[in-house]
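Please read the structure below before turning to the comments.
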Amino acid sequence: MSYRESFLKYLKFEKRCSKNTVVAYCKDLDQFEEFVFKTVGDFDVKQVDTKLIRTWVVALVNDGNTSKTVTRKITSLKSYYKYLLRQEVVSMSPVDGVITPKIPKKLPVFVDENSLHHLLDDGYFQKDFEGVRDKLILSLFYGTGIRLSELIHLSRSQVYLGEHLVKVLGKNNKERIVPYPRSLNPLFEEYFQIRDAEFGVTSPYIFLTQKGKKVYEKLVYRVVKKYLALVTTLEKKSPHVLRHSFATHLLNHGADLNAVKELLGHSNLAATQVYTHTSTDKLQSIYKQAHPRA
C-alpha cells in the first residue's frame, strides 16, 4: 500500500472523514503529484521541499484559483505531511514554511424573514407530489439549518415526529439532533401519505424524485432556486442561503451563539461567529434601546 493510499485510509477509518472530504483530499494530492511530475519528472514524498511547494502555490494562483481554494489545497498537503511525519516517513514537513494566502471575509447571504414567511405560507406550492415535497424541502432547510448532503441522505427513521426532532449525520460522520418547527408535522404527514401512495415504502430515503429514486444535489439546487426566485432578487439562491438565513434569524431573535453552533454542527465557534456580522436587526435593536440619541 502506498503512503497516499494509507493516508486516505486513515482519513476514512480513523478520522472518520466524510466521503466528500476524502475525495477532496484525493483530488488535491493528485493535482500536487501531477505538478511535481511535470516540474521535476518524478515524485518522491521524501524529496519534496518547501521551494517546490511554493512554486506549486504560485502556479495555482496564476491558474486563477481563489485564495480559499489555494488555502484548502495547502491544508490538504499539510495534513498529508503531518501524517507522514507521525509515521516517521519524513523527518520534517516541507509545508510548514509555506504561508497560506489571506482569504477575504465574505458575509453570509440570507433571505429576509418576511420573504420566507411569504413563500412558505402564501400558496406558492402545488398540492401534488412535487409541490408538497418541494415545500417540505425548503421548510426543512429553513427550519433546521441542515446541509444539502444531510437532507439528501435523510431517512424516515431519522425523523421523530412526536418529539419534533431530526437526527442528521454531518461532516466527519458526526451525528447531531436538531429540532424542527412543530408546524412541519402536518407537512411531513401529508408528504408521507402522497409519497407512499405513489412509490410505497421500499426506499429508506425521505426525499424522492418523480421516478422514486433518492433526490440528488442538482435537483435540490433547482428546486430551491426556483422558489427563492419568487420572493428575492438575491444573486445566490441555494440551500446554503437557507442555512445562512436559519442562523441569522436565530441570532436576530436572541439565540445564544453556542446553541447556534451546535444546531449547525460547526466544530468550532469561529465558523458560527461570521453570522454575528449579518445580524443587523439585533444590533439596531440594541442600539436604539441603549444609545441616548438613538
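Using N, Cα and C of the backbone, Cβ positions are placed for all residues, glycine too.
Taken straight from TrEMBL:
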- 1-85: domain 'Core-binding (CB)' (DOMAIN)
- 106-288: domain 'Tyr recombinase' (DOMAIN)
- ARG147: active site (ACT_SITE)
- LYS171: active site (ACT_SITE)
- HIS240: active site (ACT_SITE)
- ARG243: active site (ACT_SITE)
- HIS266: active site (ACT_SITE)
- TYR275: active site, O-(3'-phospho-DNA)-tyrosine intermediate (ACT_SITE)
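Annotated features, which come from TrEMBL, shown on the structure.
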| residue | record | CB count, 10 Å |
| --- | --- | --- |
| ARG147 | active site | 18 |
| LYS171 | active site | 16 |
| HIS240 | active site | 17 |
| ARG243 | active site | 21 |
| HIS266 | active site | 18 |
| TYR275 | active site, O-(3'-phospho-DNA)-tyrosine intermediate | 24 |
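Each residue contributes its Cα atom, and for ARG147 (active site) and HIS240 (active site) those atoms are 7 Å apart. Of all the active-site residues in the record (HIS240, ARG243, HIS266, TYR275), the one with the smallest CA separation from LYS171 (active site) is HIS266.
You'll find the Cα of TYR275 (active site, O-(3'-phospho-DNA)-tyrosine intermediate) roughly 12 Å from the Cα of HIS266 (active site).
As a summary of secondary structure, the domain 'Core-binding (CB)' (1-85) carries 66 helix, 0 strand, 19 coil according to DSSP. Rounded to the nearest whole angstrom, the C-alpha distance between ARG243 (active site) and HIS266 (active site) is 12.
Cα of HIS240 (active site) to Cα of HIS266 (active site): a span of 14 Å.
Classification of HIS266 (active site) by DSSP places it in coil, neither helical nor stranded.
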